[in-house]
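As given in Swiss-Prot:
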- 204: active site (ACT_SITE)
- 203, 207, 213: Zn(2+) binding site (BINDING)
- 154-306: disulfide bond (DISULFID)
- 176-195: disulfide bond (DISULFID)
- 338-372: disulfide bond (DISULFID)
- 345-365: disulfide bond (DISULFID)
- 352-369: disulfide bond (DISULFID)
- 112-307: domain 'Peptidase M12A' (DOMAIN)
- 338-372: domain 'ShKT' (DOMAIN)
- 386: N-linked glycosylation site (CARBOHYD)
- 1-29: signal peptide (SIGNAL)
């Protein structure tokens, strides 16, 4: 008897499940029919309501962030100067691109602008998510950087959707770095403390768009001289040259004004210049850009064929957090002797604008922190360093390292 009861129960459960399945099918079909007839399911999912569910540590930029970005002050620190100090010896290119450029690999030639289709973002559309670690002002810097691409190119940074397997994750990971072009899957772009300036951000984003550094062009020896005896041996790979078989300059001349050019002291082991321009007056120019050069903009538009591409809509995310604009901190410029007074500044570059360390950094690392006027900067570059590490007391050093 008990056996028959069990059998009857199983039959009842099976029939109930079957009935539920039969009911679900027409509901699913009806919902699918709700899509506009001219819209595929993929493009329909790009609408804000269908943005991919975020992890707890991820978010998007909002309209308020973009409005706050318009209100930012001129907080520029020349990107070419700060980047190589922030990422000392490792450089700011990592991920698959960095592996390919490892001198231990046989394929270690660098490229200026990728030309292989697999490394470009389809239609210039770059899906992203950002870390929720960024404060209001940092989010505004990111928004302002995105908007610069939206205004000057057809590249669009858009919130990641459910169908975007390849995307940027922008977060405070480890200094300032990016992969080059579309690497596939989750692609990290690090903008850590010390990297959240507009010019640094657009530099790293231009890597993700698909460009290497300007001083790595194959023809760079016609325009700059590399002073190998001043370069730290572990940083030699930062001065590789491009592979013409896989790259293109898009018909453009060497660009001393590029946001992608490092400065003349990059990866110096002794404080002396590591590269100088063949046109001597250009040595002070390289690495001093605070925005895209006209050639930077032209090359990006040529890479993505912007005159023909169908621009995807700009979609912003949503958040319940109230955003309050935070004014950019003021920077005091050191007028006279603008030099680093210790050779340890590269270790503490992220403390340059810290509320607690700013005065110490102005005193001992004015050059590295970007507190020089253009005239003082040119004088400092032309002079050997004057390090006096004894000026840093043990307590000051400990405070900077652990405070």
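Even glycines carry a Cβ here, placed using N, Cα and C.
Values in this document were obtained by computation on a predicted structure and should not be read as measured data.
Feature map: annotations from Swiss-Prot on the structure.
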residue : record         : DSSP class
154     : disulfide bond : coil
176     : disulfide bond : strand
195     : disulfide bond : coil
204     : active site    : helix
306     : disulfide bond : coil
338     : disulfide bond : coil
345     : disulfide bond : helix
352     : disulfide bond : coil
372     : disulfide bond : strand
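Among the recorded positions 203, 204, 207, 213, no residue is found with its Cα located within 10 Å of the Cα of residue 369 (disulfide bond). Candidates 154, 338, 365, 372 (disulfide-bonded residues) were compared with residue 203 (Zn(2+) binding site); none lies inside 10 Å Cα-Cα. A Cα-Cα distance of 40 Å separates residue 154 (disulfide bond) from residue 338 (disulfide bond). With a 10 A radius on its CB, residue 306 (disulfide bond) counts 17 other CB atoms from all the protein chains. Across the structure, residue 352 (disulfide bond) and residue 195 (disulfide bond) place their CA atoms 11 angstrom apart. Only 176, of the disulfide-bonded residues 176, 338, 345, 365, 372, have a C-alpha within 10 angstroms of the C-alpha of residue 204 (active site).
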